[in-house]
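Attaching a single structure in structure tokens format; questions to follow.
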């Protein structure tokens, strides 16, 4: 099968999977509700309310979070030329987590923000971390090589992880809330959370998408990209900013959810190749599908108890990534 046909098939399967996952996410739960209820309020007003006020915003939010993490992961893997890179590599997720955990630990609550106090402080943490990491990397290495960025991210991620551990060790009654947030969830989030996240998703995704050709050029190295007319420094800043916005927004509304930004782009790349014109779109679609399905499993597998969605993504993502890593190493050693 040639590349064009393979791409078309990948698009068809990905879109079909997304539609099926949306249908399952809306219809299946503690009470199964037919999809026709979406446009027929008179048939069952209670079911109609459940669909539009609880399940629909939850499915949409899960899709946005999964898509954001996946496209950010695809961008970071391409930019850093590292298949193990993901939205957490540069410490951005840790920064967002520190913002959220500090909000819970110190019981911050700003009247003008209300329930959005935690996600707003989380996003501030992600943004501040991004600025610090990029500034420090720039001070260490004027050219901001990829290796410098990765090492800087690892350093700050470790430090911020220690800050989180310290707050957890010192906390008392907030422990359950902190752990619940760190494990990730999209439950009890209504349309206001979707409205809050959507602008950041649009801006972050556009920043990355507009640099898709630059990402393709940088696959072959920074010097080759410069010879092709790419402003490497500007492209790095824009792509990093886009990925940071997406990661910060996702972590702010859902907590820490691992493996989506690592596994999805990697699997898509194995199917359609490294062309970011295809990779970014398909990662976006399949990231959304994966997190909707994971959320469905989290709330139904041991109903009425609901598992954190981060637990499900880890159970699914870790074995898949281990298999991919094994196959890649075997292939490289052959």
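Glycine is no exception: its Cβ is also placed from the backbone N, Cα and C atoms.
Keep in mind that TrEMBL annotations are predicted by a computer and have not been checked by a curator.
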Please find, within the list 190-210, 211-231, the residue stretch that TrEMBL describes as transmembrane segment.
190-210
Taking 3+ C-beta pairs under 8 angstroms (sequence gap of 6 or more) as contact, is the transmembrane segment (237-264) in contact with the transmembrane segment (88-108)?
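Contact confirmed: at least 3 Cβ pairs fall under 8 Å.
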Considering only Cβ pairs under 8 Å, which range in 55-76, 114-137, 190-210, 276-298 makes the most contacts with the transmembrane segment (12-35)?
276-298
Counting Cβ pairs under 8 Å that are 6 or more apart in sequence, does the total for the transmembrane segment (276-298) and the transmembrane segment (55-76) reach three or more?
yes
